[in-house]
Amino acid sequence: MRKITPVMAIVSILGLLLPLSACGSSAAADNGLLYVFNTKSEIKDGLEKLVNEYGKEHGIEVKVFSPGSGSDTVETMNTEMTSSTPPAIFSTNSLVTWGPADGDFMLDLNESDNADLKALAQNVPDELRFTSEGDENLGLPYTLEGYGYLVDVDVLKDLFALDDDKVAELIADLKACDFDTFRAFTDAVDAYINNPQAISVNVNGHEYTTAPAKTGLANDLTGVFVESGAEKWTYADHMVNIPLNAVFENYGDAYSADLDAVDALKKPLIKEMEVLDYNTSHAAGEDGPNTRGPSFVNSTTGSYDYALQLFAEHKGLFFKQGNWIYPNLKAALADTEDAGARMLSSLEILPIKMPFEQSDISVKGRTPETFNTYIPAMVPNYWIINKKSSAAQQKNAADFLVWLFTSDRGRSFLTDECGFILYDELDQPDGANSLNNALLHYASAGKTLSNPFNASPGNWLEFVGNQLKQNYMTKAKWDESTYPALADTVIARWKNLKDIQSS
Amino acid sequence: MYKKWFLPFIAPAVILFTLVVGIPFVIGVLYSFSAWRGVYFKGGDNLFEAWVGFDNYAKVFRNPDFLNALGYTVTFTIMAVIAINVFALAQALLVNALGRAVGFFRATFFLPNLLGGLALGYIWLFIYENIFSTTLFGPDGLLPIDLLTNMTQDHNKNLLAMLIMFVWQQAGYMMIIYTTGLANISQDYYEAASIDGANAVQRFFHVTVPMLMPSITIVLFMTLANSFKLLDPNVALTNGEYDTRMLALQILRVPKDTSNNYGVAQAEAVLFFLIVAAISITQVIITKRKEVEA
Amino acid sequence: MTKKTVSRIVIAVVLTIMALVTLFPLWFLLINSFKSQAEIVKSPLALPHGLNFSYIANAIEKINLVPSFLLTVLITVVGVVFIILISSSVAWMMVRFKSKVANALLLAFTASMLVPFQAIMYPLINEFDDLGLKNTPGLILMYGGFGLAMSVFLYHGFIKSIPVSLEEAAFMDGANVFQVYWKIVMPLMRPTTATVAILNGMWIWNDYLLPFLVIGNGEHKTLTLSVYFAKIESGAYGNAWDLIFPAVLITIIPIVIIFLFLQKQIIKGMIAGSVKQ
């Protein structure tokens, strides 16, 4: 019998374990890979197709991943970014976690080896640059986004029996009017939906009267606003950004502010709750008003998708959303022919009016009028090269971005398929996309607010959303006396999270 | 012979154990005292430059989420331990009393235990949202009970939602343990008790329960540990919304909540370990004492 | 009818109801795997109109069933075999060569059962990433490490009851240590091996957290992980139940089939496992 010694046995067991680990790590260093991690779920399918085509053409192995909206993007991103095969291109508009001061994952495009990419990056206008100190240039903007109350102008025409010129005047008046006027206007529309008769309302000095009986699209209305109660981001992220704009001038201001600066949020936040209460208690549903309660937050009938459908079916006059919904809305209207095309081509955006007083606003230069005539605009995502991915991956990533922004196929994908406003086309407010045009009009007039909400710490936005969803969206009646306590809670949370983040 | 081969035979286990449990445990405790961010240390190149002492622990106790999750977990655990024991014991007694088709009932009750809690959680979510809240217990349902509607949208009701699902999963397993325990009780005891004039209830409390004590202890602590560490149904049903995070989920979500403050996550993990260890040690002490008495 | 018969009928009825309630979610899962999203939401309790396999086919494609299934089988089988070999060999030696080291090991293994996974998961993943092992082989090693303590404990308890004389006789006949381990000790421990295999197999098959942390959204996912990501990716349009139902159905079918065939062994194994805990 052959002798087996203990030492031989140990060696052979270790020998068994080693190849296990070896075969795993060799797969990691794959040179041909271009991995794109996209956090804008709307372009998921198109991007996947585009990148796959690109991969075939250029003979490199590609991978694209986009988490669905409303899912745990952050967590999935954490897992992916810290894995041994991290994405070469990732997207965010926040410096928290991955920015230079934290994990330092973002390649400064000014220092890219790719001269074309460097040139592209240097063309990004100052106000859209992704930077922490002002010198770096950390990504290429996806698009410019803005939001407010989207207006179904076709419905407005039938409501007030207006022709094209007159409705344009009404839109201009609605864009310029103050909060109380706007409230009187929505009250009139609400009264009309319940009891159609001639109701007169004065907007910005002009008198408008509803048609004596419901005609055309006015028959479809079931409420003033379309709401999606299951989607926390619609009433947390985007709504709370308005009061945040009363406290912080922009992203950087909120990012670097002192802990106590956020105390000033209390008064604007309470005012915002009044608006939220009004909007959600005048919500449109499938066959009648959509009332607050457990079904309001149901994950099916309270979803973004469902709300979009309601808006497309003219169930509501206003929809608090942004220009990003254009492609989806277009798809939802695809089989309605002329009516759909008319609606699409005439959409407008109104500012989210707030009952602010000057004493509520702590940002210098902003007045109540600012909030009633400006809309928030921001870059929602940047294409960022991950400097912790392999050199080969980074090279592929740079080549891809150049191709994306310079080739016909790439640009047509971005503008036509995704409906994006490219940073080098900001001066063209006359395209086919009515919402982009509306936004660009605000932008070119300098009437834009910023996105301090993107600088909120940790899961603050989710916390705000949960508070509203749990304690308000499911309740038919809101108690105004609870607003100050709510404001205190979310302010305390902001500080608490800042504290946890610090070290 | 054995002496010579002792080392080679234990080496793989020791290496593996050190690699998977030993090192991470030690590192984990150390990291809980540092500004660890998962892939880097904040404010330094290594653990010691980023050392923050008990800061992370202080932050944990200033963070309402952790205390909330702790309270929620304790409440759920108490409910689950009672409910599972009652159900499992009832099932075991009934199957025992029937004496027929034992195999069928055992297999049926046991089956859910084998299925993944996450996948099945999604099915339960649908049942709660779209069957319980409408057809069954909704306002226009068969039997309008408000408590059983929209359970996954409410801090308190969700306890019940998780409980129903968890009992469904666990009762069968515990029932089998009880059936085994019951089979070990000699019929002589029951006969003797009957002769002494004990009725069914008396026989249950004076013969069955005492003789079943070893099984009860096992079930008690198994359910205690399983409920305390519960994760999958929590993820599937609410994913922690409506303040329904239990501790396991809370720890998992800290990085997301705090923009990757893994140091704080690790501090919570260490606290979690201390609690679980305390429960288990209590179990061992109690079991040992029982054995001495017996 | 005697009083006893009546009570037995009552018991039978109660148990049957309990059984039906227990099986209801699975029945529900089955019928809704053949319906469209609209049918599921509108009439969830209705039987499907015929056996439309398109939703199952869609789910098979979406979650990459075949590779996911093979990967899950691979991880489970290799993981279980790995645990069995390593834990049985260490347990055998710990019993046969009583020493301070053996006692210390037993204490360490026992103590480690107190450590919940959450307590060490982050450093563990970090460490394995540094070692280049944040991948499938690494995942199997991790399962090996976690399954070890309980399995050693089970084997240790069993080996104590095997008389050493058989092994000594074999050594006298000139057998080497591996022959004794493989031909004498392992066959004797078969019942414990079954328990170890069942307990670890079920756990590894269904586990979500460890694959999530290790594989994440990698190319090849385990079944449970595939279902999780299918649900996450469908999040954009509410829950796509016509994908989730069939996907869940596919993941549980193998287990249900195995259970139907190996009922007795599985139940026995689970009881043995519980008593030793």
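Placement of Cβ uses the backbone N, Cα and C atoms for every residue, glycine included.
All TrEMBL annotations are machine predictions without curation.
Residues annotated as domain 'ABC transmembrane type-1' in TrEMBL: B:70-283.
Panel annotation: around the transmembrane segment (B:7-33), residues 47, 51-57, 262-263, 266-267, 269-270 of the same chain, lying at least six beyond its termini, place a Cβ under 8 Å from a Cβ of the stretch. Positions annotated as transmembrane segment by TrEMBL: B:7-33 (among others).
Outside the transmembrane segment (B:69-95), and at least 6 residues removed from its termini, the chain residues within Cβ reach (under 8 Å) are 102, 105-106, 109, 159, 162-163, 166-167, 170-179, 181-182, 208, 216, 219-220, 223-224, 227-228, 230, 243-247, 249-250. TrEMBL lists B:69-95 (among others) with the feature transmembrane segment.
TrEMBL lists B:107-127 (among others) with the feature transmembrane segment.
Taken from TrEMBL, the feature transmembrane segment applies to B:159-183 (among others).
If you look at the transmembrane segment (B:204-225), the same-chain residues 6 or more away from its ends with a CB under 8 A from one of its CBs are 77, 80-81, 84-85, 88, 93, 170, 174, 177-178, 180-182, 184-185, 189-190, 193, 198, 276, 279-280, 283, 286-287, 290. Summarising the annotation, TrEMBL assigns transmembrane segment to B:204-225 (among others).
Look at TrEMBL and you will find B:269-286 (among others) tagged as transmembrane segment.
Residues 72, 75-76, 79-80, 83-85, 87-89, 91-93, 95-96, 102, 106, 108-113, 115, 117, 120-121, 124, 128, 147-148, 151-152, 208, 211-212, 214-216, 218-219, 222-223, 226-227, 230, 233-234, 237, 244 of the same chain lie 6 or more positions beyond the ends of the transmembrane segment (B:159-183) yet place their CB under 8 Å from a CB of it. Residues 91, 152, 161, 164-165, 168-173, 175-176, 231-233, 235-237 of the same chain, all 6+ positions outside the transmembrane segment (B:107-127), place their C-beta atoms under 8 angstroms from a C-beta of that stretch. Non-local neighbours of the transmembrane segment (B:269-286) in the same chain are 28-29, 32, 57, 60, 66, 217, 221, 224-225, 228-229, 247-248, 251; each lies 6+ residues outside the stretch with a CB under 8 Å from one of its CB atoms.
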